[in-house]
Every structure is written in C-alpha cells, then in structure tokens.
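The structure under discussion appears below in the form of structure tokens.
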Amino acid sequence: MELGHRLLALQLWFRGVRSSKFRHVYGVPAKREGCYDNIKITKNAHDSHFCSINPKFVAVVTEVAGGGTFLVLPISSTGRLDFNSSRVTGHRGPVLDIKWNPFNDNIIASCSDDCTVKLWHIPDGGLVTHLNEWLIDLHGHKRRVGHIEWHPTAENILVSAGFDHLMIVWDVGSGEAVNVIDCHPDVIFSMSFNRDGSLIATTCKDKKLRVIEPRRGIVLSEGVCHAGTKACKVVFLGNSGRLLTTGFSRYSDRQYAVWSQSDLSSPLCIETIDSSSGVLFPYYDHDTRIVFLAGKGDGNIPLHLVLFYRETGDGNIRYYEVADQAPWLHYLNQFLSGSPQRGLGFMPKRGCDVAQCEIFRFYKLHATKGICEPISMVVPRKSDQFQEDLYPDTAAPIPALTAQEWISGKNCHPVLMSMQTGETVRQQPSIMVKKHKPKVYQPAEISLPAAHNNNTKKFAFLSQETVPDYRPVDVLSEKSQKTSSNQSTKFYQIQQMFGNNRAGQLQRAYSRQCEELKLLRKQLTNRDRRIRELEEQVSKLQQRKHIK
C-alpha cells in the first residue's frame with residue numbers, strides 16, 4: 001500500500017514538472033512612452049478585437065458621434081496622440097471589425113453597421129488628412145457586417161459574416177462574390193481558417209460549431225459547442241486536425257474545449273477556467289504551438305473592483321501549450337493585469353523582435369483609459385544569439401496561390417520565411433522579404449581577421465579602373481570637387497534619405513498649420529461680425545434713450 005502511494009506521488013511529481021522550453025514565458029508591458037495614448041477607443045458592445053496590427057501600422061476603431069471611423073498610426077508613432085489626428089472616415093455606421101491584408105501591409109479591410117465591407121490603402125508615411133476614399137466597396141449583406149477574415153494563403157480572398165446569417169466569400173481583386181454560404185440559422189459569432197485555407201470553422205448563436213468547405217458552402221461536420229448563452233469563439237490548432245473553442249457552461253462558467261474536425265459530436269476534452277463574465281478570445285501561434293486565452297472586460301469598472309478583476313481575469317492573458325495527445329493542452333502561466341481590456345490585437349510573427357526572444361506581442365486596448373499598450377511575451381534566455389528552437393520558419397507576406405487558383409480547387413500551405421535572414425525558404429526562394437527587425441550577421445561575416453578584411457578592401461580599390469577627368473582646371477572649383485567626390489558616399493545617401501523624410505514631415509506640419517490658420521481666421525471673422533452686431537444694438541438703445 002505504501003509503495004502504491006509512493007508511485008502515485010512520483011507520477012504526480014513528474015506531471016507537475018513537465019519539461020517545456022515555454023514554461024517560463026512571461027509578459028512585458030511597454031512603458032508609458034512606448035504606448036499609444038489619448039485614443040478615443042470605441043465603446044461598442046460588439047464582440048470584436050477593435051484592433052489590428054502589422055509591422056508597419058497600428059489600426060484602432062475609435063468612438064465618433066456619427067458614422068464610423070478608425071485610426072491608423074505608424075508602428076513607431078508612440079506617445080500621446082494629437083487630438084486632430086487623421087482617421088479613416090468613409091463608413092456611414094460604426095465600424096465593427098478591421099483586418100490588415102496578410103500579403104500587403106498597406107491594405108486594410110473594414111466592415112461596418114452600414115452593411116458594407118470596404119478596402120482602404122494607407123500610404124507608407126501614414127495618413128496626412130482624413131481618408132474617405134476607399135479602394136473597393138463590397139455590397140452583398142442585408143444587415144450589418146460583424147466579422148471579416150482574410151484567407152491565409154490565397155491572394156485577394158476575403159470572407160465576411162453578417163447579422164443576416166450569411167457568409168460571403170469575396171474576390172476583392174474583381175470586387176465580386178465567389179460564394180454565399182447560407183447554413184447558419186442565427187448570428188455568427190466567429191470564424192477561423194485552417195492553415196492552408198481549405199476549411200473554415202464557425203460558431204453560431206444556435207450553440208453549434210461547424211466546419212465548412214468555403215468554396216462550395218458545404219457543412220462537413222457540426223456539433224453542439226458550449227451550453228452557455230454568451231458568445232463562443234473558435235480557432236484551428238494548426239495542421240493537427242483539431243480545433244479549440246471558448247465559451248460558457250450552462251452555469252455561466254468560462255470553458256475551453258478541444259475538438260476533432262472530423263467528429264464534432266463530443267469534445268476531446270473540456271475544462272472549466274473560471275466564473276468571470278467576459279468573452280474569451282483564443283489566439284494560436286502556429287510556430288510555437290502556444291494558444292493564448294484573453295478575456296474581454298467590462299468598460300465601466302469602479303476603482304474598488306480593480307483587485308476583483310485582477311483575480312477573475314478580465315484583464316489577464318492565460319497561455320497553454322498544445323500537445324498531440326491527452327490532455328491536449330498544458331497550462332503554462334498567465335499574465336496578470338489589474339486593468340481590463342476592451343480589445344486585443346496581435347503582431348504577426350515576422351514583426352516580433354528576435355533579439356529580445358519575443359515570441360508573441362499583444363496590443364491591449366484599455367477599457368478604462370484611452371491607451372493602446374503593447375505587451376511582449378518573452379522567453380527568458382541568457383544568450384543574445386538567434387534562438388533557432390524558438391523561431392522556426394514562419395509565414396511570409398507572399399501569397400502561395402492566386403484567387404483563381406484557389407477558386408478552382410487548389411490548396412497550398414503558406415510560403416515560409418526565415419526569421420533570421422528574412423528570406424523565403426519555400427516556393428519562391430529568389431524573393432527577398434523586407435525585414436522588420438535588426439540584421440543578424442552570419443558567423444562567416446565576422447570570422448575573418450581585421451587585417452585580411454583591410455587587404456581585401458585595398459585590392460578591390462586597386463582593381464577599379466581609373467576614370468580621367470578632362471575638364472579645364474578653372475571650371476572645377478573647390479566646392480564642386482568636394483561635392484562631386486561625395487556624391488556616391490554612404491553619408492551622402494543617408495543625408496538624402498533623411499532629408500526627404502524631413503521634407504515630408506515639414507510638409508505635413510505646414511498642412512496642419514494652414515488648417516489651424518483657416519480655423520482661426522474663421523473664428524476672427526465671426527468675432528468681428530458679432531462685435532458689429534452688438535455695437536449696432538448699443539447704438540439703437542442709446543437713440544431710444546435720447547428720444548424718451
């Protein structure tokens with residue numbers, strides 16, 4: 001009997017110290033100067049992220065009296081935001097969801113309460129004035145459009161889900177609908193593509209989880225998801241053929257469940273998390289096989305309840321490691337926060353900082369403050385070298401298929417790129433992908449001694465052909481000689497590059513000041529007119545007084 005207890009204790013001990021390189025992942029919130037401050041974040045009650053990120057821009061849905069707007073900022077424009085910052089203002093109703101094109105960092109899609117889906121082009125330097133001219137306006141839904149999702153591998157394929165219970169597959173290149181999926185009897189809560197985009201999973205208000213073939217609109221499998229009445233969310237767990245859903249039990253406890261895509265009659269596992277009321281959003285990282293669960297908190301929280309929300313988790317982020325056998329998910333840790341979040345966006349893996357061992361980065365929209373706060377999920381490592389085990393090849397911003405190829409029935413996994421060099425490693429090896437991180441030097445570049453490098457440079461200089469200059473001596477002044485000799489230097493190129501940027505900044509500042517001057521002139525004109533009216537009234541009153 002005693003031996004059995006020892007074996008059970010040993011088994012529990014081994015289970016408690018399961019080996020994982022992600023066991024000590026921790027969250028690092030940005031300092032105040034690294035946040036985006038003074039943003040009027042939307043107060044819409046719709047269950048959406050309200051935030052979308054790529055390595056160039058941060059997009060946040062904002063609150064406005066009429067119509068719908070969202071803010072687009074360059075990723076480096078941290079700090080306090082100008083009150084009159086330019087926005088995208090083309091929608092006639094509140095914006096409900098925004099998503100960046102995975103293959104073009106300057107194209108963003110938005111859906112709105114005005115029953116439309118619109119595509120916008122954002123210039124590299126950001127917006128200078130309010131943008132109200134869209135690239136494409138997609139009409140097809142009869143009620144408001146709540147969710148949009150880009151295809152992960154095919155170019156120009158977008159799926160929208162509306163409150164008319166329809167899903168529409170769009171070819172945004174031609175502006176036409178590829179297919180209309182009408183298999184949901186109620187409101188659609190969420191959508192998720194699998195890795196190659198051949199299947200899409202949905203959750204619905206009828207409490208069912210469905211796996212759909214999007215080109216034909218056929219439901220391959222369906223089953224009852226969570227018994228609660230609030231929204232359920234779903235995400236595919238890579239190429240494993242499994243899905244993860246989050247929802248509520250019939251007693252309003254928050255749950256997660258793992259399913260096999262081929263059999264949705266019963267879950268592989270289902271676990272209760274806590275008793276909080278916020279909807280849980282799942283985020284899956286294909287490279288590290290970590291799933292993050294973040295709750296959406298209430299927006300009006302009094303000060304004496306901050307500690308309560310720190311306990312219940314409406315501002316916390318839990319993360320689990322995905323396994324190929326039961327129990328399917330292994331709890332790692334959680335990031336604790338006392339302030340709840342209204343929305344949560346994330347940076348694509350190609351935008352993470354490999355020098356800091358950053359494996360995921362969230363952008364948290366605070367529910368009680370107008371702040372967008374970056375939160376980096378970091379693996380503690382002592383070495384400053386590139387960590388190959390943390391950064392396998394990730395999805396590149398290059399489509400693997402054209403829209404017509406996908407429509408015709410072809411499937412393909414994403415084109416991959418190296419996180420160390422930024423080069424594509426599959427299907428198009430000659431294309432160089434722009435890197436959004438510091439250059440990592442190869443050992444071959446730094447192994448040569450300094451003397452050998454100097455000799456190489458000398459021989460390269462001597463091997464260049466001398467080009468004689470036959471102009472008269474009196475034509476060449478000292479200034480022109482210096483200028484001509486410096487035209488090709490690195491310093492001159494950098495000076496030209498920063499000069500152009502400075503000119504663009506001055507042009508934007510000049511435009512803003514011109515608008516302010518116009519406003520001031522208008523105010524002065526109104527003031528002078530008011531003064532004249534008052535003077536006329538005073539003179540009339542004085543005349544009446546003299547007459548009496």
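Each Cβ is built from the backbone N, Cα and C atoms, and glycine gets one as well.
In TrEMBL, annotation is done automatically, which means it is predicted and not curated.
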As TrEMBL has it, coiled coil corresponds, among 241-278, 507-544, to residues 507-544
Which numbers of helix, strand and coil residues does DSSP report for the domain 'DUF1899' (15-79)?
5 helix, 24 strand, 36 coil
Do you know the mean pLDDT across the repeat 'WD' (138-180)?
94
Same-chain residue ranges lying at least 6 outside the repeat 'WD' (138-180) that approach it to Cβ under 8 Å:
46, 48, 93, 96-103, 109-119, 186-188, 190-193, 195-197, 200, 202, 212, 214-217, 395, 399-403, 405-407, 411-415
